[in-house]
């Protein structure tokens, strides 16, 4: 029957009768509807749309019809096949949705389970706080200068206008490096401040010099709640034409605003340092009470002991003798400098009460500070 | 420097009602660091009166001796009857004048006094000790007053018990403020009122009749005044007001003569010394000591003198360390001396500072001389001392006056009148500048260019900026404007600084906690590390004055510090630990040279700077890490992973990768590591560090968990090895050809060598090699292992044929066979 008929014989194409096609169609739709799962549906699909299915066979018979009947029969068979395919697709989607709903529910997990498989790490807050301060100044154009921790006395003292035998040298609680034969006269010390970096910067760099010098420094204090023999300092030095003490004040103000927020300011009080003249002690407004606790016993402030100000460090106009020792003409250039301890800053910026927690390396202390501060 | 407000008022008319806190604020603003204001007698309430002891009855039968006394307090008790008081002290006798607080009174510390039953009697009040009255720490019984006061007199006023004392931390440049005179000057300027200068006294000129003085060291002593007072009453005691003032400044009253010299020192800032004239043998001299000469100072210590020490002498030899402390032999006798010679001299600061430091002997005198005293005050101070001794101890001032003076002109500073303006960044104007300088005692001449003669008590004023500071502080630092300078564009952080930050973040990201440690170590640390006797790391930079005598050296490796921190953490209950530190180690130069003493009046030459640098140890920056316990915890997800040598090596790789360096790892033997689990880390052919598991003896010696692993790597070397900027690879979009090979090698062949051989043989088509399995067992053979590698090949310009990929694989295997005697498993 596969060969085209030589002559039209309506009796021989029973399969293309409208009733037959309608039957095939309804049988198929009923089977699709009856398929209970995706597997059954696959069988239905093969049985009713596959190569051997009644509709496929009927389709093949169309060629045997006389030309005038072909169009009619083709249309009828095509519609039936379309309807079946449509029903199959719809049932497929329906059954997949059913399966998904069931299986994914079965796959549910407890997403609140802890996952502390790999413990976290952290950087030390002294490091990150120092970096934060560096960033404030590098954004302004300053560069970060560094120097050795074991330092020649000339850099640590002489060039900074600490004359030999001057009482100011003794205020530094210096660790001296042992000289020949065990003497303390080696001319080498553990730097007592990062100020020798100022000298190195002035000797090594082209003027003008705008640097910030963070680093470890040493003083022979016993470790207690507020002291440590090894601590971190940040120092700033600016040497240019026409720099003034007002510029120092403005720079300090900018720093405390950057670190503590708008409205913060600093206060200078006269003091003495050999390497600056004039010299000042710098205080910052208490960032907690902003001075409101002063003379106000109802609102005491623990951070500043109700003083309204927090002592930050020392500063001043670079002593022209320091410039001279570095070969900078003090008639032409002037500068300012300041320095303060990072531990202290950390203590009051982050409510740390005991210095020992900062230096002991207990991971419980360091972890909460994470990567940035 | 302690400054009683009552004493300060003697020289400055402070406005009525001004409190210690007000003065504190004013002086702080003027640059004096007033640390505290002590409120003496706070809470004290009378009746507190002078009493005369009438009778004493010793009470028996108690654990300690107790006295039942009657004391005449005149009408202070409103009856005039003797007051009955029980007292536990024993240092008084009938007839003594004592201080009595009566019922209703309150002692400092809210100690309410009432009549009370004790030791079988009713005590109507209390006889007071100095400590109970807040006069000092002296607790040797109750106060016995010198004669002269009437019973019933108010003792609060008599003893000036209510006062305020400013405690000032005087900076080294302001030696003149170690005196009432100096602080009064600052207070007078701060309040804009005149100063009554206590040093303005009429003083007699030098005559030939004074005590003979010879100065052989004029560079150390340019002024010496000697005066003599005779016929002093050795029984005379210091009057109450004098004792009280000394107590308030923190001095203990000793004897009238000593008290008077101390008093004048605090008043005028001029240290004085009084010699018992009967004990001086011949003229007083000032000279350098002869090396080895001996002197017993007032504190009883025998001191061997140095040729630099400045000494006071008589014919017998040294009788005092000039400006520091007198000798015991010429000391004022305990019972008081009748004839005394008073020394008021000006000593140069540096010799005094050196002597004081050399003999570890600081005194009120040396503190003042070190900072520079007023050379023009010696005669006034001597005169003031003479006056007080004559007035208080009935002595006679001898007319002879010795005044030895090395001529010195006044010191002047030339300064443009607008210099303070330019330093401050604001405009004061010439008039203000001149006025402020005059206030501090300068003479000022000139208009645009000022010639400023500085006062004799201000040796710290030497340069124009010193004068600028005076003007700016008196005008108020708080009035400075706030301006922001504009630095030129900067270049940001250096590569090295950026690298350090990246390393910190990478290690913290990998689970390590940063833990900087102190760099101090003791020699035993190197034994604990198991270092050989000649190991380089035992050569340390040592401190002359370590904080802890057991840790006198600076670290040459970061590992001991990290292990200390690990131990502390694990002692506090942490078990799974990964720590790191970035910091310097200190490696002494092979040959130690002393740095040259360079001048400061010019820039040192490059050679001089190099010589300084050469005297410093090498200070490379290292990164170290230690791990113990679990690197990954077990849990509901499955097994954990114990921290091991592999993690330590990976930490080192992490560090190196941040510098763009892929480390080469070789097996090595290096303390403190396990000899079979130690990696030598190389950048190219340069050894940059070590990593691995610590030797079991090391973990035991440090008290850290067994199998603790560690690494230490030189960041400077790694940085030098890196620096190649990454260049963007051409990414081929052609398919990859994967070939797995299993190679059998001897068990002791390092995997790194096999991988290296595969890479070398595979040629350009190789994209990656990955070791994915290691297998040992009888199938492989004793002493052998099988290493399974996944090789990925890809060409940039075409799809590889199976033949090409196989040929590349075969070449890789052949290379491994040649270099490591590897055989292909299953071949």
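Backbone N, Cα and C atoms are what each Cβ position is placed from, and that goes for glycine too.
Curation plays no part in TrEMBL annotations; they are all automatic predictions.
With helix defined as DSSP H, G or I and strand as E or B, the domain 'TRNA-binding' (B:42-156) counts 6 helix, 47 strand, 62 coil. What TrEMBL lists as domain 'TRNA-binding' is B:42-156.
For the region 'Disordered' (B:401-423), the list of distant contacts is 204-207, 209-213, 215, 218, 222-227, 375, 378-379, 429-430, 433-434, 446-454, 456, 461-469, 471-472: same-chain residues at least six beyond its ends, Cβ to Cβ under 8 Å. The region 'Disordered' annotation in TrEMBL covers B:401-423.
What TrEMBL lists as domain 'B5' is B:408-482.
Sequence annotations record features per position, and here TrEMBL assigns Mg(2+) binding site to B:460, B:466, B:469, B:470. Other C-beta atoms found within 10 angstroms of the C-beta of residue B:469 (Mg(2+) binding site) number 29, with every protein chain shown included.
Across the domain 'FDX-ACB' (B:732-825), DSSP assigns 31 helix, 32 strand, 31 coil. Taken from TrEMBL, the feature domain 'FDX-ACB' applies to B:732-825.
Note on the domain 'FDX-ACB' (B:732-825): its mean pLDDT in the predicted model is 94.
Least crowded of the binding-site residues (B:460, B:470), judged by neighbouring Cβ atoms within 10 Å of its own Cβ: B:460. The secondary structure of residue B:469 (Mg(2+) binding site), as reduced to three states from DSSP, is helical. Residue B:466 (Mg(2+) binding site) counts 19 other C-beta atoms within 10 Å of its own C-beta, drawing on all protein chains shown. Secondary structure at residue B:460 (Mg(2+) binding site), as computed by DSSP, is coil. Applying DSSP to the domain 'B5' (B:408-482) sorts its residues as follows: 31 helix, 13 strand, 31 coil.
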